[in-house]
Amino acid sequence: MDSFAAAETWTDAAGGAGADGRNLSAALAAGAAAEALGTEWLQLLVQAGNLSSSLPSSVPGLPTTSPAPSQPRANLTNQFVQPSWRIALWSLAYGVVVAVAVFGNLIVIWIILAHKRMRTVTNYFLVNLAFSDASMAAFNTLVNFIYALHSEWYFGANYCRFQNFFPITAVFASIYSMTAIAVDRYMAIIDPLKPRLSATATKIVIGSIWILAFLLALPQCLYSKTKVMPGRTLCYVQWPEGPKQHFIYHIIVIILVYCFPLLIMGITYTIVGITLWGGEIPGDTCDKYHEQLKAKRKVVKMMIIVVVTFAICWLPYHIYFILTAIYQQLNRWKYIQQVYLASFWLAMSSTMYNPIIYCCLNKRFRAGFKRAFRWCPFIQVSSYDELELKTTRFHPTRQSSLYTVTRMESMTVVFDPSDADNTRSSRKKRATPGDPNFNGCSRRNSKSASTTSSFISSPYTSMEEYS
């Protein structure tokens with residue numbers, strides 16, 4: 001996560017110095033500085049300082065320094081210098097990511113916090129996810145892209161520390177917010193009789209996620225440095241024990257912010273999916289049961305798509321880092337710069353997809369986006385959209401520490417005392433939770449001429465949580 005462009009800049013300096021035979025000391029100095037960087041580009045940097053004057057600088061991405069006047073014209077060619085049209089296309093691509101991610105996630109935050117109906121446990125974690133994604137897009141994506149294009153750090157020493165520190169923090173907060181949602185869905189569906197997280201407990205979990213994220217990213221902040229070179233300023237991370245320590249740290253980061261949480265979410269959503277889509281529950285089912293089951297499926301389906309999107313977007317970036325660290329000759333490949341820009345763009349684009357997914361798969365978020373863009377002549381907000389965020393479809397009542405949705409049916413019973421024995425023997429046994437025919441809808445027959453069907457959703461939970 002630390003500065004890719006800084007390593008490339010050192011490569012550029014080393015290659016330019018090596019190309020000028022009169023400045024061997026500068027080449028050695030550049031190579032030593034590159035070694036201090038401790039990035040995955042270390043071997044390339046050392047090699048660049050010892051290249052012959054006939055080999056151009058193998059920098060995967062940035063404009064190079066001007067060669068010495070005495071350098072032969074044939075040596076000026078650099079395969080990594082991009083044409084203007086390509087820079088314009090990359091700028092447009094990164095600009096779209098920043099715009100959609102920032103404004104889309106801010107609207108998601110507004111939809112949840114401004115409407116009481118949307119303030120559920122799951123949605124509080126979605127607020128945290130949206131905040132971390134919007135922050136990543138606003139404070140990291142564009143700055144890193146500018147640095148990669150210009151090979152110069154314009155933003156000062158303090159922002160250099162922030163730039164190397166915050167991306168890991170934001171990604172950690174994002175993926176563990178998704179993990180918390182997965183665990184919450186698991187508890188609500190697999191063990192619904194246990195109390196759900198309260199608003200206070202949810203805030204504590206969110207705070208704990210950010211504290212752990214800060215601790216994981218702290219070394220990046222402590223070891224960040226800026227260095228003023230002739231004509232440019234660099235931002236990089238200098239690890240005390242060199243590149244090996246850097247590589248180990250990033251492997252740990254990949255495990256903690258990618259492999260481990262995806263494993264947890266894969267297990268939980270697999271179990272939840274088998275439960276929700278495994279087959280029809282035997283016995284008669286009431287309408288409310290079917291409706292709540294359908295709502296639960298929609299929420300789980302949406303979150304699975306969010307997780308899969310995140311995994312796909314970040315996988316090429318992690319593969320790129322590991323391969324270029326192990327097989328350093330890849331850094332000389334003609335198209336390595338484009339591969340990096342594409343993998344980094346795909347990773348950063350993960351911040352913009354979630355608002356689109358929410359809008360497409362959840363009618364309340366869709367109604368909220370319509371309200372946010374009601375000023376647009378192509379967007380029409382219906383009365384249904386207005387009511388969707390303001391009213392509740394069900395009015396749960398608190399009974400024995402449980403929220404229930406109850407449907408009452410009345411019937412008339414003619415009772416003949418002479419048939420009492422036959423009535424007792426033919427009376428249907430009431431289904432219980434241990435009965436395989438029990439499906440959440442209980443039916444009670446009695447002499448009092450009333451039949452009650454009730455569905456117990458989960459403790460402290462209403463249908464609002466799943467709609």
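Here the Cβ of each residue, glycine as well, is placed from N, Cα and C on the backbone.
As recorded in Swiss-Prot:
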- N23: N-linked glycosylation site (CARBOHYD)
- N50: N-linked glycosylation site (CARBOHYD)
- N75: N-linked glycosylation site (CARBOHYD)
- C376: S-palmitoyl cysteine (LIPID)
- 416-467: region 'Disordered' (REGION)
- 110-119: topological domain 'Cytoplasmic' (TOPO_DOM)
- 184-203: topological domain 'Cytoplasmic' (TOPO_DOM)
- 273-301: topological domain 'Cytoplasmic' (TOPO_DOM)
- 362-467: topological domain 'Cytoplasmic' (TOPO_DOM)
- 87-109: transmembrane segment (TRANSMEM)
- 120-141: transmembrane segment (TRANSMEM)
- 162-183: transmembrane segment (TRANSMEM)
- 204-224: transmembrane segment (TRANSMEM)
- 248-272: transmembrane segment (TRANSMEM)
- 302-323: transmembrane segment (TRANSMEM)
- 337-361: transmembrane segment (TRANSMEM)
Contacting positions for the transmembrane segment (302-323) when only residues 6+ beyond its ends and CB under 8 Å are counted: 40, 171, 174-175, 178, 181-182, 185, 250, 254, 258, 262, 265, 269, 273, 330, 339-340, 342-344, 346-347, 349-350, 353-354, 357-358, 361-362
Beyond the flanks of the transmembrane segment (337-361) by 6 or more, those residues with Cβ under 8 Å of it: 4, 59-61, 80, 82, 90, 93-94, 96-97, 100-101, 104-105, 107-108, 126, 129-130, 133-134, 136-137, 140-141, 144, 148, 174, 298, 301-302, 305-306, 309-310, 313-314, 316-317, 319-320, 369
Helix, strand or coil at C376 (S-palmitoyl cysteine) [DSSP, three-state]: coil
Helix-strand-coil residue split for the topological domain 'Cytoplasmic' (184-203), DSSP-based: 12 helix, 0 strand, 8 coil
